[in-house]
Amino acid sequence: WIMGHMVNAIAQIDEFVNLGANSIETDVSFDKNANPEYTYHGIPCGCGRTCTKSEKFNVFLQGLQKATTPGDSKYQEKLVLVVFDLKSSSLYDNQASDAGKKLAKSLLQNYWKNGNNGGRAYIVLSIPNLAHYKLITGFKETLKTEGHPELMEKVGYDFFGNDDIDQVAKAYKKAGVTGHVWQSDGITNCLPRGLDRVKQAVANRDSSNGFINKVYYWTVDKRSTTRGALDAGVDGIMTNYPDVIADVLSESAYKSKFRIATYEDNPWETFKN
């Protein structure tokens, strides 16, 4: 999965997919009542990018729905996965459940169209703080109460705080999560970061008793870093330059080992060679 970083305006969806992304990451900011408000990152946001593009969250979801609904004039067949980078650090820990409930309602109405031919992309809820695990339970409860528990088949999870992997496992246990787990590791593209924790996450993914299904590394803009991440065995790379990642994937060392994921590739299944 080539994951376009910080896609917060509807116009950027086409821009990133046309450069080779089959997945996008979108920032979600919350108001003080835990309502998802804008797709907005804010300053600072990494090197070489404008940090302030934004839409109202529900408006962005409507644009995203069109981009991921077959038959729509805006449909982008290649876009199969969306990571919502939830900026829930602005909330109190005890608001996490409310944030999850309100996020589920927004998605249900504006993206899934209440289960009536909505967008088809898989969704990853990416959470900054292990203490916010109730965001997951609130989200799940709401889809159930609203009569659409089947949509949870389209939803996965990620904690992106670079926490100790054993601690991440405990948070999922509390949230009652037993699958659909993506594990991110990374740092802003302005700074270097080693691959030690990525390798730990990959080892967990590939062990018989691991809880991780997929591992992705962020934010990668250089060919050399891309090669390092691929050599470590990641499933996804988040980038400001999807074309750079696509280029490296076409190199002879990688093209027989990796391919670009399509809608038929289940993002919740651990890949077995």
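Cβ coordinates come from backbone N, Cα and C, glycine included.
These features come from Swiss-Prot:
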type	residues	note
ACT_SITE	His5	active site
BINDING	Glu25, Asp27, Asp85	Mg(2+) binding site
ACT_SITE	His41	active site, nucleophile
DISULFID	Cys45-Cys51	disulfide bond
DISULFID	Cys47-Cys190	disulfide bond
Additional residues surrounding Mg(2+), by Cβ distance to the Glu25, Asp27, Asp85 centre under 8 Å: His5, Met6, Val7, Asn8, Thr26, Val28, His41, Val83, Phe84, Leu86, Ser126
Out of the recorded positions Glu25, Asp27, Cys47, Cys190, give me the one sitting nearest to the residue listed as 'active site' by CA distance. Glu25
List of residues, in chain order, with Cβ under 8 A from that of Asp27 (Mg(2+) binding site) and at least 6 apart: Met6, Asn8, Thr39, Tyr40, His41, Asp85, Lys87
To the nearest Å, how far is the Cα of Cys190 (disulfide bond) from the Cα of Cys45 (disulfide bond)? 9
For Cys51 (disulfide bond) and Glu25 (Mg(2+) binding site), what Cα-Cα distance in Å is obtained after rounding to a whole number? 14
What's the CA-CA gap between Cys47 (disulfide bond) and Glu25 (Mg(2+) binding site) in angstrom, rounded? 16
For His5, His41, listed as active-site residues, tell me which one has the smallest number of other Cβ atoms within 10 Å. His41
Comparing local Cβ density (other Cβ atoms within 10 Å) for the binding-site residues Glu25, Asp85 points to Glu25
Can you grab the distance from Cys45 (disulfide bond) over to Glu25 (Mg(2+) binding site)? Cα atoms, rounded to a whole Å. 13
Per DSSP (helix/strand/coil reduction), Glu25 (Mg(2+) binding site) sits in strand
